[in-house]
Amino acid sequence: MDNLSSEEIQQRAHQITDESLESTRRILGLAIESQDAGIKTITMLDEQKEQLNRIEEGLDQINKDMRETEKTLTELNKCCGLCVCPCNRTKNFESGKAYKTTWGDGGENSPCNVVSKQPGPVTNGQLQQPTTGAASGGYIKRITNDAREDEMEENLTQVGSILGNLKDMALNIGNEIDAQNPQIKRITDKADTNRDRIDIANARAKKLIDS
């Protein structure tokens with residue numbers, strides 16, 4: 001640099017400023033893409049949560065319907081005058097360990113009544129802006145002190161804000177996944193229990209028809 005003329009030094013400064021400006025533009029573009037991906041992920045998790053809730057409600061309704069079906073089968077046995085030996089009576093399905101583990105006893109501590117910790121929703125891309133900002137004096141050391149450096153400062157300020165948003169989104173995504181995993185297992189257990197209950201009811205109905 002000592003061998004460069006003042007004009008060459010100025011040209012070099014402008015070249016570095018142009019390169020730095022393009023770098024901040026690329027960084028900002030990548031940050032915006034990451035934020036958009038995070039928003040889409042949160043939206044998809046929210047939609048998945050609604051679907052899981054509907055599935056679980058459907059399984060709960062099947063469970064209730066099966067309870068009524070079993071009562072009907074018991075009444076039909078009585079109406080048909082079938083005498084069942086006490087040792088051959090069908091055991092109440094809801095007294096079984098598998099049922100109690102899945103549905104509990106209907107009290108406040110039953111699996112169905114346990115509410116997992118839910119993160120605060122982020123909808124329509126509206127994210128809280130972080131309170132942290134640029135360090136005192138700005139992000140860059142000004143050399144040319146022109147509009148390019150103004151844009152660089154603005155770009156880096158936006159990047160800092162987006163990084164704060166990404167941190168919040170990562171926490172929300174992690175919390176939502178942690179909340180949904182137990183529900184997915186609960187749904188699987190309920191589906192398995194309902195299947196077993198339906199199989200037993202079908203066997204009772206077939207036996208009743210064949211009698």
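Note: Cβ is positioned from N, Cα and C throughout, glycine not excepted.
Swiss-Prot has this to say about the protein:
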- M1: N-acetylmethionine (MOD_RES)
- S5: phosphoserine (MOD_RES)
- S6: phosphoserine (MOD_RES)
- 14-76: domain 't-SNARE coiled-coil homology 1' (DOMAIN)
- S20: phosphoserine (MOD_RES)
- S23: phosphoserine (MOD_RES)
- 23-76: coiled coil (COILED)
- S34: phosphoserine (MOD_RES)
- C79: S-palmitoyl cysteine (LIPID)
- C80: S-palmitoyl cysteine (LIPID)
- C83: S-palmitoyl cysteine (LIPID)
- C85: S-palmitoyl cysteine (LIPID)
- C87: S-palmitoyl cysteine (LIPID)
- S110: phosphoserine (MOD_RES)
- C112: S-palmitoyl cysteine (LIPID)
- 146-208: domain 't-SNARE coiled-coil homology 2' (DOMAIN)
- S161: phosphoserine (MOD_RES)
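Locations of recorded Swiss-Prot features on the structure.
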residue : record               : Cβ neighbours (10 Å)
S5      : phosphoserine        : 8
S6      : phosphoserine        : 7
S20     : phosphoserine        : 16
S23     : phosphoserine        : 13
S34     : phosphoserine        : 15
C79     : S-palmitoyl cysteine : 8
S161    : phosphoserine        : 18
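Averaged over the domain 't-SNARE coiled-coil homology 2' (146-208), the predicted model has a pLDDT of 93. Across the fold, the C-alpha of S34 (phosphoserine) and the C-alpha of S161 (phosphoserine) stand 13 Å from each other. Looking only at the modified residues S6, S20, S23, the one with its C-alpha closest to S161 (phosphoserine) is S23. Secondary structure of the domain 't-SNARE coiled-coil homology 1' (14-76) per DSSP, as helix, strand and coil residue counts: 63 helix, 0 strand, 0 coil.
Checking the modified residues (S5, S6, S20, S23) against C79 (S-palmitoyl cysteine) with a 10 Å Cα-Cα cut-off leaves nothing. Geometry remark: S20 (phosphoserine) versus S6 (phosphoserine), CA distance 21 Å.
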